[in-house]
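Notes follow the structure.
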Amino acid sequence: MADQLTEEQIAEFKEAFSLFDKDGDGTITTKELGTVMRSLGQNPTEAELQDMINEVDADGNGTIDFPEFLTMMARKMKDTDSEEEIREAFRVFDKDGNGFISAAELRHVMTNLGEKLTDEEVDEMIREADVDGDGQVNYEEFVNMMTNK
């Protein structure tokens, strides 16, 4: 399944993986997964975290390595019920709930994830997604960005 991913997608997932893999040991533990999810405003229980790991933990060692992470991401991309997931992700970014993601909101979430971006990088991300050129990302633009990769 992961063999249907492009080089670019794999590179992006590698970056995402390293955000989760806080200690850089090449695996994601339930603790690391919990840290990232909480920084995104979610509040998963220990059991939920364990379930999420078990779902993709092919070798059963209790952690997720990069190949397992890739499989999980490939599966998620194929999921058609991702509409709700995308809406949820949009809500995470849209802090004030006004239906738009501003550069400040994007910077805030990325910083919470431990991804320190320069103002230029944040502006570039907004520009890439901002089809109508109003300087912020609305839901439709966000959906396009998430699904057209």
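Every residue gets a Cβ built from N, Cα and C, even glycine.
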Ca(2+) 3 site partner of Asp94, Asp96, Asn98 (as recorded in Swiss-Prot), chosen from Glu85, Glu105: Glu105
For Glu32 (Ca(2+) 1 binding site), the number of other Cβ atoms found within 10 Å of its own Cβ: 20
Near-site residues: Ca(2+) 1, ref Asp21, Asp23, Asp25, Thr27, Glu32, CB cutoff 8 A to centroid: Phe20, Lys22, Gly24, Gly26, Ile28, Thr29, Thr63
DSSP three-state assignment for Thr27 (Ca(2+) 1 binding site): strand
